[in-house]
Structures are given as C-alpha cells and as structure tokens.
Amino acid sequence: MLQYLGPVIIILYLVATKVINFKWKEGIAVTLALGGTFLLLTNGSLATLSVPMPAIVWGLMSAFAMAFYTIYPVQLLAKWGTVNVVGWAMFIAGIFLNFLHPIWQVDTSNWDIRVLIYIFISVILGTVFAFWLFISSLNYLYPQEASVLGTIEPLTAILLSVVWLGVSFGIWQVAGVGCIVLMVIFLAVVKD
C-alpha cells in the first residue's frame, strides 16, 4: 500500500520544482486514490495497519522508486523511444539483480514445461508488457496522471481475487473500489 504514496511524491516534486501548480484536481485525485487503496487493502480498519518497520521502509522505498521511474523516463522517451528505454532498464536491472541472486544458482531440476510457460507468461505479460504499457503512457499523460491511474493495480488484484479465488468482498472494499473508479472517471472528465 505504501508504494501508492508515489503519486503524492510525484505531485509534491512537480509542485516543488515549479513544473505544475497544485490544483484542486490533483488534490481530489490523490485523495481518492490513496483513500481507495487504503480501504481496499485494510478493509477500513486501522487495526490491520500494524506493519513491521522493514515493511514500512521497503514500502516507502517503493513509493520513491515509483515516483522516480514515472518522472525520469519522460526525457528519455522523447529521445530514445519506449522499447529502448524499457529494454535497457530491464537489462540493467537484471544485471544488478544477478549479483543478489545469481541465475546459475537457481535449482531448475524439478522444472517442467508447465513451469517454463508460467515463468514466460509472468515475465512477458506481467513484467515486460505491463511496464512497457505504463512507460508508453508517459507519451500521452503527465507523470502525475499516470501514477494516480496506476493505483488501479490493487483494484485489479482485488477483483481477480474475488473472481478466480473466491475471496469475499467487504463493504469497505466496495467503497475502496468506488473511490478508485470515481478517481479514474474524475481524471477523464474534469479538465483544468
């Protein structure tokens, strides 16, 4: 949930660097996005927010990383294009990750074709394609809009959990879905 502080960080950064003026539209969108995410992930109970300190630190680092990878590539996209930016980003990240978890130390002895297909789908659709779509959206949206719209991710996860896994849906989660859907409609309809 803390990674969805990314839109707030982006808007504060863009306001601080005088790229944008803080307007009521951004304030309402961020409030709806964070409120909806909070309701979806906690079911409206502050008691469920007892999170260990390492999780808070990693969550905040994720929020700053989300802000960085949403703002920084705008200039790169203009010069190099989406495929080059995403390709090089994943290649460099893969090299660094290999230092932490070397590929030659992965035990593949019990892998079959099904596992390979799942890994392929996860890497291509869940990572490369999804990240490419998000970065491509920066050609059409401002970073603050793209990041706020990115909060649809927990909504998708909740809905798929209900449909595929049979997870029950509480009233607070319905309210959270409503906040996020309202935020998307609000951003699409209301102009500055």
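Including glycine, each Cβ sits where the backbone N, Cα and C put it.
With a threshold of 8 Å between CB atoms, the same-chain residues lying at least 6 positions outside the transmembrane segment (6-22) that come near it are 29-30, 33-34, 62-64, 66-67, 70-71, 142-144, 147-148, 150-151. Marked as transmembrane segment by TrEMBL: 6-22 (among others).
What TrEMBL records for 29-49 (among others) is transmembrane segment.
Residues or ranges marked as domain 'EamA' by TrEMBL: 54-187.
Sequence annotations record features per position, and here TrEMBL assigns transmembrane segment to 55-78 (among others).
The transmembrane segment annotation in TrEMBL covers 85-104 (among others). Within the chain, the transmembrane segment (85-104) has long-range Cβ neighbours (under 8 A, six or more residues past its boundaries) at 69, 73, 76-77, 127-128, 131-132, 135.
Only residues 6 or more beyond the boundaries of the transmembrane segment (116-135), in the same chain, are considered here, and those with a CB under 8 A from a CB of the stretch are 69, 73, 77, 82-83, 85-86, 89-90, 146, 150. Residues or ranges marked as transmembrane segment in TrEMBL: 116-135 (among others).
Summarising the annotation, TrEMBL assigns transmembrane segment to 147-165 (among others). Within the same chain, residues 1, 4, 6-7, 10, 26, 29-30, 33-34, 36-37, 40-41, 66-67, 70, 134, 137, 141, 173, 176-177, 180-181, 183-184, 187 sit at least 6 positions outside the transmembrane segment (147-165) and bring their C-beta atoms closer than 8 Å to a C-beta of that stretch.
Summarising the annotation, TrEMBL assigns transmembrane segment to 171-190 (among others). Residues 25, 28-29, 32-33, 35-45, 145, 148-149, 151-152, 154-155, 158-159 of the same chain, all 6+ positions outside the transmembrane segment (171-190), place their C-beta atoms under 8 angstroms from a C-beta of that stretch.
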TODO: Could you tell me how many residues in the domain 'EamA' (54-187) are helical, how many are strand and how many are coil under DSSP?
DONE: 111 helix, 0 strand, 23 coil
TODO: Please give the average pLDDT for the domain 'EamA' (54-187) in this predicted model.
DONE: 84
